[in-house]
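Trainee: First, the structure itself, so that you have it in front of you.
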Amino acid sequence: GSGTPTEAQTQPQQGGAHERVDLPGNMADALSQQQGQVDAATQGMTGAASTLPTAPATVMSGAAAREATRPVQGTAPQQHKTPAKTAAAKPTATQHKSPTTVYTPPAKPSSTAKAGAVASSGSSVQSAPGSHYTLQLSSASRSDTLNAYAKQQKLQNYLVYATKRDGKPWYVLVSGNYASSAEAKRAIASLPADVQAKKPWVRPVHQVQQDLKK
């Protein structure tokens, strides 16, 4: 009968072993349940990702692996959807902005036409120092005749400006911007013969600028 006590001794050990085995069994069940939730979350996320471009989808699958320990089904896809939207929105915004920045600068110089000047061809008379001199070539009651005349004579650096004579509009054609009256007089010799025949006269630039303000 010496075998019986040994069986009796092993019984509790086996019972104890059963209890210890049960705990891992419960843990395994819990893990498999959690794994099921993770799988569901991953499937849900990959389902949502299928509508997105491939690049965000790869980001999301990486995120799904990170989220496996705590499967939060609702927030993970939303977090990844919003960057995809903003990333898509930004390029279109810049595409629309760039044409406007390209086309606005050329419009500015044309809109800033100087007051008082009717027509000019690169004239620096308006911005020249008051101590400089210019040549008055002609004057008339209409600006278009003076402009036509200046173009006909192929004048460079001319200005047709509006002033008043006896309270009525009067237009003057001046040309050139010279540092001294002597330089202006010498320039008369280089003018077309028809222009010289009108006997151009030297005028201080400050007088012309005063006329422009009238």
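Each Cβ is built from the backbone N, Cα and C atoms, and glycine gets one as well.
Marked as compositional bias 'Polar residues' by Swiss-Prot: 1-14, 43-53. For 1-133, the entry in Swiss-Prot reads region 'Disordered'. Under the heading transmembrane segment, Swiss-Prot lists 44-65. The annotation compositional bias 'Low complexity' is assigned in Swiss-Prot to 78-97, 110-131. Here Swiss-Prot flags 127-204 as domain 'SPOR', drawing on a curator's inference.
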Trainee: Tally the residues of the domain 'SPOR' (127-204) by DSSP class, grouping H, G and I as helix, E and B as strand, and everything else as coil.
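Mentor: Across the domain 'SPOR' (127-204), DSSP assigns the residues as follows: 23 helix, 31 strand, 24 coil.
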Trainee: Tell me, what is the mean pLDDT of the domain 'SPOR' (127-204)?
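Mentor: Mean per-residue confidence for the domain 'SPOR' (127-204): 94 out of 100.
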